[in-house]
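K.L.:
This is the feature table in Swiss-Prot:
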type     : residues                                                                                       : note
ACT_SITE : ASP13                                                                                          : active site, proton acceptor
ACT_SITE : HIS41                                                                                          : active site, proton donor
BINDING  : 12-18, 40-42, ARG304, 330-332, 412-414                                                         : GTP binding site
BINDING  : ASP13, GLY40                                                                                   : Mg(2+) binding site
BINDING  : ASP13, GLU14, GLY15, LYS16, ASN38, ALA39, GLY40, HIS41, THR128, ARG142, GLN223, THR238, ARG302 : IMP binding site
BINDING  : THR298, THR299, THR300, GLY301, ARG302, PRO303, ARG304                                         : substrate binding site
Amino acid sequence: MSSVVVVGTQWGDEGKGKITDFLSKQAEVVARYQGGDNAGHTIVFNDTKYKLHLIPSGIFYSDKTCVIGNGMVVNPKSLVTELAYLHERGVSTDNLRISNRAHIILPYHQLQDRLEEEAKGDAKVGTTLKGIGPAYMDKAARIGIRIADLLDKEVFAEKLKTVLELKNRMFVKMYEVDPIEFDDIFQEYYAYGQQFAKYVCDTSVVLNDSLDEEKKVLFEGAQGVLLDIDHGTYPFVTSSNAASGGVSSGAGIGPSKIHHVVGVCKAYTSRVGDGPFPTELDDEIGHTIREVGKEYGTTTGRPRRVGWFDSVVVRHSRRVSGITDLCLNSIDVLTGLETLKICTSYEYEGKHLDEYPPNFRVLEKCVPVYEELPGWTEDITGVRRFEDLPENAQRYVRRIEELTGIELLTFSVGPAREQTVILRDIYEA
């Protein structure tokens, strides 16, 4: 039996989808455990590019079970749209399983998300406005509606009426906007539920049975550890546990059943949205990295902020997620830069900081301490063995291993599947 968790070690967009797709080749079950359609990942399969937001990357393999776990928040409309998107392209979804305990996102969540973000003004956190945060808020407040409720017409109607009374009171009195009517939601969203009802089950049973049968199970994280609700750059975070600990609660398996935690990062750093970013580059080098790396959000299309590799960030992710293996993506993007920099620590008001501080006001004033390494000019997009990388590229990668304390599992020199080089079998380790 071997289970592997894939997490982002930075602020998301590290290329987890590609790595998950790569590791899916050997896995028998692929599961997501947190987040919603705010997380986009791009996968290249059979020379075709696909963009998914909810459904796990393993969906392209008909012999693998794909699970949407109970820790996710699911927009029924988005899910139906994504299923149709796959069906139109000839991709079967018969291998999909959806947790009956997952909470759903409804139109009032998206409205609440927008109104709250607008009300914050300059203090906004840069939400994707998908309704993720309000849905998790309702879950914690015990007024959320789950997929099991959505499929029961009477229960759905009863719960929807109750929640709308609360929400509309807030919308009308607090934000002075028109209320949302019951009929604007009920029939449409009940119909969505019926369209994916055949996939719904107790996914905790599916996952635990698979692990007990010694199947290879891959858990696919969304966003990144620095966006984790507890361990990220709070309050500029998502509303769920993106760290590996989210697997136990979000998939319904015990922590003793997790064997490997794979951390994915880029050879530099990127971020979408607001919040502190110590190594951010606002110069020509930053512009070059953004354009060469095509750093624009899968979900929002927003240009990503980019910066040098920050080992303080990745060490923090390693510690709070128990990361055992490292996947380093987008090394090729750095080709042609004369000098590369890696942040090894921070300076804050004369103090030396080796660990990531929790106070975002402190982070905003942190000055990165850099180590410089020589770059390379050789085209590395065709490299398929580590030893074939230019000497300076090898030195750069090995230094990242040393500074983060994580052994390299894969490295990527381009977006295509064959441009990801795996150094060992994670399932046999």
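A Cβ is built for glycine as well, from the same backbone N, Cα and C atoms used for every other residue.
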K.L.:
Which of GLY12, GLY15, GLY40, GLY301 (the binding-site residues) has the most other Cβ atoms within 10 Å?
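P.N.:
Its Cβ has the most other Cβ atoms within 10 Å: GLY12.
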K.L.:
Can you name the residues of this chain that are 6 or more positions from PRO303 (substrate binding site) yet have a C-beta less than 8 Å from its C-beta?
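P.N.:
Listed in sequence order: ARG290, GLU295, TYR296, GLY297.
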K.L.:
Could you check what DSSP calls LYS18 (GTP binding site) once collapsed to helix, strand or coil?
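P.N.:
The residue in question, LYS18 (GTP binding site), is helix (DSSP, three-state).
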K.L.:
Between the Cα atoms of THR128 (IMP binding site) and LYS18 (GTP binding site), what distance do you get, rounded to the nearest Å?
P.N.:
22
K.L.:
Write down the Cα-Cα distance for GLN223 (IMP binding site) and ILE331 (GTP binding site), rounded and given in Å.
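P.N.:
Each residue's Cα considered, ILE331 (GTP binding site) and GLN223 (IMP binding site) end up 20 Å apart.
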K.L.:
Could you tell me the C-alpha distance between HIS41 (active site, proton donor) and ARG304 (substrate binding site) in angstrom, no decimals?
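P.N.:
That comes out at 15 Å between the alpha carbons.
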K.L.:
For HIS41 (active site, proton donor), name the DSSP secondary structure in the helix/strand/coil scheme.
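P.N.:
Assignment for HIS41 (active site, proton donor) reads strand.
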